[in-house]
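The annotation UDP-alpha-D-galactose binding site is assigned in Swiss-Prot to PRO169, PHE170, ARG171, ASN172, ARG173, PHE208, ASN209, ARG210, VAL235, ASP236, TYR264, TRP296, HIS329, HIS330 on the grounds of similarity to another entry. Here Swiss-Prot flags ASP236, HIS329 as Mn(2+) binding site. Swiss-Prot lists GLY298, GLU299, ASP300, ASP301, ARG340 with the feature N-acetyl-D-glucosamine binding site. If you look up Swiss-Prot, you'll see CYS114-CYS158, CYS229-CYS248 marked as disulfide bond, on the strength of similarity to another entry. Residues annotated as N-linked glycosylation site in Swiss-Prot, with sequence analysis given as evidence: ASN77, ASN81, ASN90, ASN111, ASN128, ASN364, ASN373. Look at Swiss-Prot and you will find 1-14 tagged as topological domain 'Cytoplasmic'. Taken from Swiss-Prot, the feature topological domain 'Lumenal' applies to 36-388. Residues or ranges marked as transmembrane segment in Swiss-Prot (evidence: sequence analysis): 15-35.
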Amino acid sequence: MRARRGLLRLPRRSLLAALFFFSLSSSLLYFVYVAPGIVNTYLFMMQAQGILIRDNVRTIGAQVYEQVLRSAYAKRNSSVNDSDYPLDLNHSETFLQTTTFLPEDFTYFANHTCPERLPSMKGPIDINMSEIGMDYIHELFSKDPTIKLGGHWKPSDCMPRWKVAILIPFRNRHEHLPVLFRHLLPMLQRQRLQFAFYVVEQVGTQPFNRAMLFNVGFQEAMKDLDWDCLIFHDVDHIPESDRNYYGCGQMPRHFATKLDKYMYLLPYTEFFGGVSGLTVEQFRKINGFPNAFWGWGGEDDDLWNRVQNAGYSVSRPEGDTGKYKSIPHHHRGEVQFLGRYALLRKSKERQGLDGLNNLNYFANITYDALYKNITVNLTPELAQVNEY
């Protein structure tokens, strides 16, 4: 009888254990889906740590190998010449070259192009993450009559090297926008760039589509001016150095290479998120961003693929110039886009079909003193893709 009861208890315990693990795994999967920002922060930190450890091992190995060679050659030289000359090995070493910026007494000329390395660009920025309202920002910059409606500004003492449209995808981040303007607007003025801000706001019930918002922002910005440089800027990324020059170049640029929440490490080589820049010509050549990424994740990886498929490489700032701080979030992030991996596997096939060339939208335009607001209600029907 006791043996029979034991047999009955065993399945019941197994069932309870199975229910417990099912509940735990379901809760974990739900958390990953609805709060991807937290989960992916830890994931990227682990990836970055792995890359750092790997690079350190390589560096240590190279140093040990070099010391062994130096010792061997030193012994040979001392035995032959009875001397201990320093050894000059014929191998390549990479050094971080210090960039020379112009002196304080540099003279500007209104008919000359503004240099890229200006004396006004000092380097580290004093970051203030305290929350403020747009009223405070409006009052702060209202004292500058050179800032025109929509946040348009250009230098008067030299000709801007780049005309830059700053595109900011936006939804329910009202506490972040003034913090970004407090730091970014003065930085761009010190860099002597001609610029304007475009806040592209998504309304409606669909998941956030960051990439499609960038495409909309591009189309609307080009109606205002013949911009030649585009900066795709997350609202919660604050640059820590004004020497991170927001101009474009011969290759697409990834500006935000070291983010504080990832321990200032690049999560993976193909990481292209946060803040990036392309010329108008480059952006059109790659057919813009994909429109098919609804929710968190994947669109930056697809952009990387598009850049590579078009024959470009990605440039990055040297050293600590690409450091950024991330404004803390007070709300849950966007849900995961679970279909991103299937789309990424078909990046090359989709590139000519999904992007600027299949984009449709209806925008409501309003003007703030510091930016042009482009409000759109996005749905998948606005960017349908034919079979590929």
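These residue numbers are counts, starting from 1, taken along the chain as shown.
Cβ atoms are placed via backbone N, Cα and C, with glycine included.
The model shown is predicted, which means the values in this text are computed figures rather than measured ones.
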Going by Cα-Cα distance, which of the binding-site residues (ARG171, ASP300, ASP301, HIS329, ARG340) sits nearest to CYS229 (disulfide bond)?
ASP300
Let me make sure I understand the span of the N-acetyl-D-glucosamine site: among GLY298, GLU299, ASP300, ASP301, ARG340, what is the greatest distance between any two Cα atoms, in Å?
11
Simplified to three states, DSSP reports CYS229 (disulfide bond) as strand
Of the disulfide-bonded residues listed (CYS114, CYS158, CYS229), the greatest number of other CB atoms within 10 A surrounds the CB of CYS229
Please tell me which one of the recorded positions listed here (CYS158, ARG171, GLY298, ASN373) sits closest to ASN111 (N-linked glycosylation site), measuring Cα to Cα?
CYS158
Same-chain neighbours of the N-acetyl-D-glucosamine site, Cβ within 8 Å of the mean position of the Cβ atoms of GLY298, GLU299, ASP300, ASP301, ARG340 and not counting those residues, run in sequence order as ALA211, PRO290, PHE293, GLY297, ASP302, LEU303, PHE337, LEU343, LEU344
Determine the minimum-neighbour residue: among ASN111, ASN128, ASN209, ASN364, ASN373, listed as recorded positions, which Cβ has the fewest other Cβ atoms within 10 angstroms?
ASN111
Residue with minimal Cβ packing [other Cβ atoms within 10 Å] among the recorded positions VAL235, CYS248:
VAL235
Around the Cβ of GLY298 (N-acetyl-D-glucosamine binding site), other Cβ atoms found within 10 Å total 24
Where does PRO169 (UDP-alpha-D-galactose binding site) sit in DSSP terms: helix, strand, or coil?
strand
Rounded Cα-Cα span from ASP236 (Mn(2+) binding site) to ARG171 (UDP-alpha-D-galactose binding site), Å:
12
C-alpha of HIS329 (UDP-alpha-D-galactose binding site) to C-alpha of CYS114 (disulfide bond): distance in Å?
37
Suppose we draw a 10 Å sphere around the Cβ of ASP301 (N-acetyl-D-glucosamine binding site). How many other Cβ atoms does it contain, all chains included?
21
According to DSSP, does ASP300 (N-acetyl-D-glucosamine binding site) fall in a helix, a strand, or coil?
helix
Please give the maximum pairwise Cα distance, in Å and rounded to a whole number, for the UDP-alpha-D-galactose-binding set PRO169, PHE170, ARG171, ASN172, ARG173, PHE208, ASN209, ARG210, VAL235, ASP236, TYR264, TRP296, HIS329, HIS330.
26
